[in-house]
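First the structure, in the form of structure tokens, and then the observations on it.
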């Protein structure tokens, strides 16, 4: 395969788009390369460049699914395949004149070193212009995700998966969070409307505004004065779920780029706010954002630290833990995740979440609150992570989130991406309790309760059966015992040892 040079003067705009997409396929995140790539594009073409890069990534696997049947044999050529996807995106998803889209894309294929294959690109794009309705229908019907991710979503969300996949193919709305230290939301909304900028108030966030037209953020009123930040509506819900943090000590773990840190300072006046992140370069953004927003930082500390190891001087009142995750909930905003994320990444991420959660939990005062957050829509990173956490921590109590938004889970609430609404986020609010002495282990039953009871009675163990209130079956052991694991697993292979939730009324002690 020919080596693609970065000399942009040799390439038209479509070729530059393809070069950028090839870098993503090689494992580079769009965030790390986009500004550099944009600087190589003529200023008048930058908006189109941005649209073609992000749009093609959003539709990547859908474009792949409709183009594969048209090839007599696989191209086995990433550059030409990418040219084809960019061309199809223009023809099927934009208002660019078909003849211009085809001509420019075919020229790009030649410029990138594959003139012999440009005829295939030309033929498929011309067919797409003749059969536009059929191609668009195929594009609409495709789930548009890598197969491993689609299978996980299907398992997690069942009948909701189709609508979820369609939402993930759409562009996310541009949402502002008004800095209410400087101006109220209604007042800022009125300013926008006076300038004929179409906008509306968010449904769930009391500080949020959705912009309904394309604008230059830096040209909006009050940008330099810190009147607003760009933040997804569902991300803005974080601060509304926290207790009163005035005069409290707070850790914002995994804080970069600082949206939640800023929101905490806009809403509260904590005695101390410590924002930590492992990446020092990303913490520069935190400081820049706080400075632009003109927020009081006299009680704020920004630290480069590992959340699995770092300890504050004393336990704190509140921890906001926006945990590392697959970021599957923000694919609309970061469509390169479709190509970059792999199935094998998930297990590693879950383990890292567990390590951070475990360590941060030890830094929380008794009576304090930890808010666990992800921008994932995978239950293994959210609901299941919390099930495991509560199983292992009898000193943890869930504080139910009573809200009109999201989907209630076994623990926490899940928001899914929706058209013209927020991204996918998960929240679970946890309070730390005093450890209760002498709590006996129990078995959470997922098979026949009588079989378990009979087995334990054979072992002459005292037990109590069934908590009807929660409609979950339990066996709670009254005496500390050692049960031969081989006996249980051979007779009844499905059981799990755990500690009863701290708020059950039938707590048993020695």
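Numbering starts at 1 and runs along the chain as it is shown here.
From the backbone N, Cα and C atoms, a Cβ is placed for every residue, glycine too.
Heads up, TrEMBL stuff is auto-annotated, nobody curated it.
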Further S-adenosyl-L-methionine ligand in TrEMBL, beside 254, 255, 256, 257, 258, 259, 260, 306, 322, within candidate set 232, 277, 336, 345: 277
If you measure residue 258 (S-adenosyl-L-methionine binding site) to residue 375 (active site, nucleophile) at Cα, how many Å is it? 15
In the three-state scheme derived from DSSP, which category covers residue 258 (S-adenosyl-L-methionine binding site)? coil
Entry from the binding-site residues list 254, 256 having the most other CB atoms no farther than 10 A: 256
Residue 375 (active site, nucleophile) sits from residue 256 (S-adenosyl-L-methionine binding site) (Cα to Cα, rounded, in Å) at a distance of 14
Once the chains shown are all counted, how many other Cβ atoms turn up within 10 Å of the Cβ of residue 260 (S-adenosyl-L-methionine binding site)? 24
Protein Cβ atoms within 10 Å of residue 375 (active site, nucleophile), excluding its own: 26
Cβ atoms within 10 Å, counted per site: which of 258, 306 has the most, among these binding-site residues? 258
